[in-house]
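To start, the structure under review is shown below, and the notes come after it.
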Amino acid sequence: MAADPAADGFPAPRLFSQGVSYTYDDVIFLPGYIGFPADAVDLTTRLSRRIPLAIPCVASPMDTVSEAAMAAAMASLGGVAAVHCNTEPHIQASIIRAAKSRRLPFVSSVPFFSPASTPSLSDFAGHDYALVTERGDSLSKLVGIAVAAEISSRVVPVSEYMRPAPRSVSSSFDFEQAASILVDEGLDYASLVSDDGEVIDVITAKDVERIRSYPKLGKPSLGADGKFVVAASIGTREDDKRRLEQLVNAGANAIVVDSSQGNSIYQLDMIKYAKKMYPEVDLIGGNVVTITQAQNLVNAGVDGLRVGMGSGSICTTQEVCAVGRGQATAVFKVASYARDHSVPVIADGGISNSGHIVKALSLGASTVMMGSFLAGSHEAPGTYEHKDGRLVKKYRGMGSLEAMIKGSDARYLGDTLKLKVAQGVVGAVADKGSVLKFIPYTMQAVKQGFQDLGASSLQSAHDLLWSDTLKLEVRTGAAQVEGGIHGLVSYEKKAF
Ligand SMILES: NC(=O)C1=CN([C@@H]2O[C@H](COP(=O)(O)OP(=O)(O)OC[C@H]3O[C@@H](n4cnc5c(N)ncnc54)[C@H](O)[C@@H]3O)[C@@H](O)[C@H]2O)C=CC1
Ligand SMILES: O=c1[nH]c(=O)c2[nH+]cn([C@@H]3O[C@H](COP(=O)(O)O)[C@@H](O)[C@H]3O)c2[nH]1
Ligand SMILES: [K+]
């Protein structure tokens, strides 16, 4: 009997209906046919029903991942960040405003001084420059710029050594527009000022040089207001309604209702409330890992589903609570339901390489949400530290004791649950440089993966999946070892 090519490999519905929880590393796709160059692969997608993205990348709403700098960088790359809610609502709103106040891929957060103030070097907080305005805030007139290297050892007011107010650049300019002003006019720095006169930031020749050394920026994520698309998370407490209002007023384009188990009366009530109060804002529910959980959230009106329970690198939920699901199975199962309702799926957690991104997207997700993959970047909050000869940044679970204690005043305001049990850990991740560099390279690797599958776009990958054309298999332990680097005495792993 002739071998049947259709019987070679398993289509996803068959593989994922055997009562086994699989994660990304357990499965491998069989290659398809290449009929186009990798550069032709189209990764455009949707975060949620009404939010298109040029790349399928979402920064997780965690306090060691997503604040203003991450949000500006991700949006300028065509992705998006969800600003975390482990802080006071007005601070979370100001982070959103900062990211949306510009079209540049970075946020320097330089300090502001008044002319009479007498800052010490530490008040520059590591910045080369500080802006001097009449009242020492961003809303009063710019009168000068102070250079950290020129600070006097005597205690003197800034007005005695500040330089004249620099040339201003409109905050509505994109990077190339702003950069060409600095380059053409030979400036070391310029101030970024809004049309309303608000002083926003400093852009330096060093910034221009750094960003021009990275791959060219693609199509940014811009909302109807012409500003960067920024998402933000909320909890499900009564106080979160007040937070939600502040976030919407700050211009949040999408709201992530942040919970480890989204199928709860608290979340369903919050979704219904938010959909009624702010129908123009896309609402992302979760987390879910089953069709039944997803069904309840979709029925309540969510515009996006966040999938993953216990799959995160810092998660201990499966260990502590004995619930969750292997992430490949979770993504496939939820996506198989969500597609019938045109609700995009965000594969959240467990992404540690480009292959995991290819797997998540090819199993039905529209985007991947990442924590640890981004936490070691220049744009993540926090400063680098030296640890065992390596440069690292702190990365912690939002359910870790440390994060819960930090957020208890804000997130858990009025929380009566006195016995807090951690569902996450505090750790550190290695320095990865700027997301503006490593995300474009990662996306190129994802395009190569799609090319191998014969998928010229995300839609085409989903078509292959749902038509059972995409074939996959489970890798044995030995096959996983074989698929990794093995048998070498030593090696250097450099991806780009
Ligand atoms: N994706 C994952 O696997 C996990 C993620 N996390 C992250 O950790 C953080 C905390 O997650 P959770 O502990 O699930 O937060 P949560 O706020 O959803 O739940 C904490 C506790 O508060 C209760 N609760 C929520 N709203 C309530 C209300 N209105 N009234 C009374 N009780 C209410 C919940 O039932 C739960 O017992 C989030 O950022 C989450 O994303 C935590 C664990 C697992
Ligand atoms: O069990 C958990 N305890 C925690 O403390 C915690 N904090 C975050 N998360 C979830 O992990 C995702 C990020 O995962 P990665 O680092 O693997 O990208 C995030 O996007 C979350 O879904 C947690 N899960
Ligand atoms: K885990």
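The backbone N, Cα and C atoms fix where each Cβ goes, glycine too.
Record features (TrEMBL):
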{"type": "DOMAIN", "residues": "162-221", "note": "domain 'CBS'"}
{"type": "BINDING", "residues": "Asp258, Ser259, Ser260, Gly308, Met309, Gly310", "note": "NAD(+) binding site"}
{"type": "BINDING", "residues": "Gly310, Gly312, Cys315", "note": "K(+) binding site"}
{"type": "BINDING", "residues": "Ser313, Asp348, Gly349, Gly350, Gly371, Ser372, Tyr395, Arg396, Gly397, Met398, Gly399, Gln423", "note": "IMP binding site"}
{"type": "ACT_SITE", "residues": "Cys315", "note": "active site, thioimidate intermediate"}
{"type": "ACT_SITE", "residues": "Arg411", "note": "active site, proton acceptor"}
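Annotated features taken from TrEMBL, shown on the structure.
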residue : record              : Cβ contacts under 8 Å, 6 or more apart
Asp258  : NAD(+) binding site : Pro61, Cys85, Ser233, Ile234, Gly235, Gly286, Met398
Ser259  : NAD(+) binding site : Gly235, Thr236, Tyr266, Gln267, Gly286, Asn287
Ser260  : NAD(+) binding site : Asn287, Met309, Thr317, Gly399, Gln423
Gly310  : NAD(+) binding site : Thr316, Thr317, Gln318, Glu319, Val323, Gly324, Arg325, Gly349
Gly312  : K(+) binding site   : Asp348, Gly349, Gly350, Gly371, Ser372, Gly397, Gly424
Ser313  : IMP binding site    : Gly349, Gly350, Ser352, Gly371, Ser372, Tyr395
Cys315  : K(+) binding site   : Gly349, Gly397, Gly399, Gln423, Gly424
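Counting residues per DSSP class in helix, strand and coil order gives 19 helix, 17 strand, 24 coil for the domain 'CBS' (162-221). Counting other Cβ atoms within 10 Å of each Cβ, the binding-site residues Met309, Gly349, Gly397, Gly399 show the lowest value at Gly399. The Cβ neighbour count for Gly308 (NAD(+) binding site), using a 10 Å radius over every protein chain in view, is 29.
Proximity to ligand 3 at the level of Cβ atoms, with a cut-off under 6 angstroms, picks out Gly310 from the binding-site residues Ser259, Gly308, Gly310, Gly349, Gly397. Within 8 Å of the centroid defined by the CB atoms of Gly310, Gly312, Cys315, the record's K(+) site, lie the Cβ atoms of Gly308, Met309, Ser311, Ser313, Ile314, Thr316, Thr317, Gln318, Gly324, Gly349, Gly350, Gly397, Gln423, Gly424, excluding the listed residues themselves. In this view, the densest Cβ surroundings among the binding-site residues Gly371, Tyr395 belong to Gly371, judged by other Cβ atoms lying within 10 Å. Summarised as a single figure, the pLDDT of the domain 'CBS' (162-221) averages 96. Whole-number maximum of the Cα to Cα distances across the NAD(+)-binding residues Asp258, Ser259, Ser260, Gly308, Met309, Gly310: 14 angstrom.
Report note: the NAD(+) site is defined by Asp258, Ser259, Ser260, Gly308, Met309, Gly310, and the residues of the same chain whose CB lies within 8 Å of the CB centroid of those residues, excluding them, are Gln261, Gly262, Gly286, Asn287, Arg306, Gly312, Cys315, Thr317, Asp348, Gly349. Proximity of the binding-site residues (Asp258, Ser313, Gly399) to ligand 1: a Cβ under 6 Å from the molecule is found for Asp258, Gly399. Less than 6 Å separates the Cβ from ligand 2 in the case of Gly349, drawn from the binding-site residues Asp258, Gly349, Tyr395 in sequence order.
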